[in-house]
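Student: One structure follows; several queries about it will come next.
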Amino acid sequence: NLWQFEMLIMKIALTSGFMFYSSYGCYCGWGGHGRPKDASDRCCFVHDCCYGKVTTCNPKFGVVVCGGDDPCKKQICECDRVAATCFRDNKYWFYGAKXCQEESDPC
């Protein structure tokens, strides 16, 4: 769920996802459209695409146990882990959620 994702970001990237990425660029936060503004925004784009491929459970709500046998929950954990690692590995610039009218990139 989103709270677990926040905790994972804090553990891996040593920063708050809610504070820094909840309205960053074209894809961090709710929804998403246009072209990612930078590498950090692309982390959110890839995360959105990853969640979009998870069809048998809802990745945003409910408790996810990453070590379990549920393949859907394992995929959610992997989506979140990849995004948190991506945030850690890319520079944060504050790009507000504006000028995102371009055609969206395909997943």
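Cβ coordinates come from backbone N, Cα and C, glycine included.
Sequence annotations record features per position, and here Swiss-Prot assigns active site to His47, Asp80. Annotated Ca(2+) binding site per Swiss-Prot: Tyr27, Gly29, Gly31, Asp48, in sequence order. The disulfide bond annotation in Swiss-Prot covers Cys26-Cys100, Cys28-Cys44, Cys43-Cys86, Cys49-Cys107, Cys50-Cys79, Cys57-Cys72, Cys66-Cys77.
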Student: Using a 10 Å cut-off between Cα atoms, which of these recorded positions sit near Cys50 (disulfide bond): Tyr27, Gly29, Gly31, Asp80?
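Tutor: Of Tyr27, Gly29, Gly31, Asp80, within range: Asp80.
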Student: Across all the protein chains here, work out how many other Cβ atoms are within 10 Å of the Cβ of Gly29 (Ca(2+) binding site).
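Tutor: Result for Gly29 (Ca(2+) binding site): 14 neighbouring Cβ atoms inside 10 Å.
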Student: Nearest by CA distance to Cys66 (disulfide bond): which of the recorded positions is it, out of Gly29, His47, Asp48?
Tutor: His47
Student: For Asp48 (Ca(2+) binding site), which of these disulfide-bonded residues sit within 10 Å, Cα to Cα: Cys26, Cys28, Cys79, Cys100?
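Tutor: Checking Cα-Cα distances against Asp48 (Ca(2+) binding site), the disulfide-bonded residues within 10 Å turn out to be Cys28, Cys79.
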Student: Might you list, by sequence position, any residue in that chain lying six or more from Gly31 (Ca(2+) binding site) with a Cβ less than 8 Å away from its Cβ?
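Tutor: Counting only residues 6 or more apart in sequence, Gly31 (Ca(2+) binding site) has no Cβ neighbour under 8 Å.
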Student: For the Ca(2+) site (Tyr27, Gly29, Gly31, Asp48), what does the 8 A shell look like? I mean other same-chain residues with CB within 8 A of the CB centroid.
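Tutor: Sorted by sequence, the hits are Cys26, Cys28, Trp30, Gly32, His33, Cys44, Phe45.
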Student: Quick one, of the disulfide-bonded residues Cys57, Cys79, Cys100, which Cβ has the fewest other Cβ within 10 Å?
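Tutor: Cys57, out of the disulfide-bonded residues Cys57, Cys79, Cys100, has the fewest neighbouring Cβ atoms within 10 Å.
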Student: Which one of these disulfide-bonded residues has the most other Cβ atoms within 10 Å of its own Cβ: Cys43, Cys50?
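Tutor: Compared across Cys43, Cys50, the most Cβ atoms within 10 Å surround Cys43.
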Student: Find the one among the disulfide-bonded residues Cys57, Cys79, Cys100, Cys107 whose C-alpha lies closest to that of Cys43 (disulfide bond).
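Tutor: Comparing Cα positions, the closest of these disulfide-bonded residues turns out to be Cys79.
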Student: Counting other Cβ atoms within 10 Å of each residue's Cβ, which of the disulfide-bonded residues Cys28, Cys77 comes out lowest?
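Tutor: Counting other Cβ atoms within 10 Å of each of the disulfide-bonded residues Cys28, Cys77, the minimum falls on Cys77.
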Student: Taking just the CA atoms, what is the gap between Cys57 (disulfide bond) and Cys44 (disulfide bond) in Å?
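Tutor: Roughly 20 Å, rounded to the nearest whole number.
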Student: What three-state class does DSSP give Cys107 (disulfide bond)?
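Tutor: Where Cys107 (disulfide bond) sits, the three-state DSSP reduction gives coil.
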Student: Among all the protein chains here, how many other CB atoms are within 10 A of the CB of Asp80 (active site)?
Tutor: 26
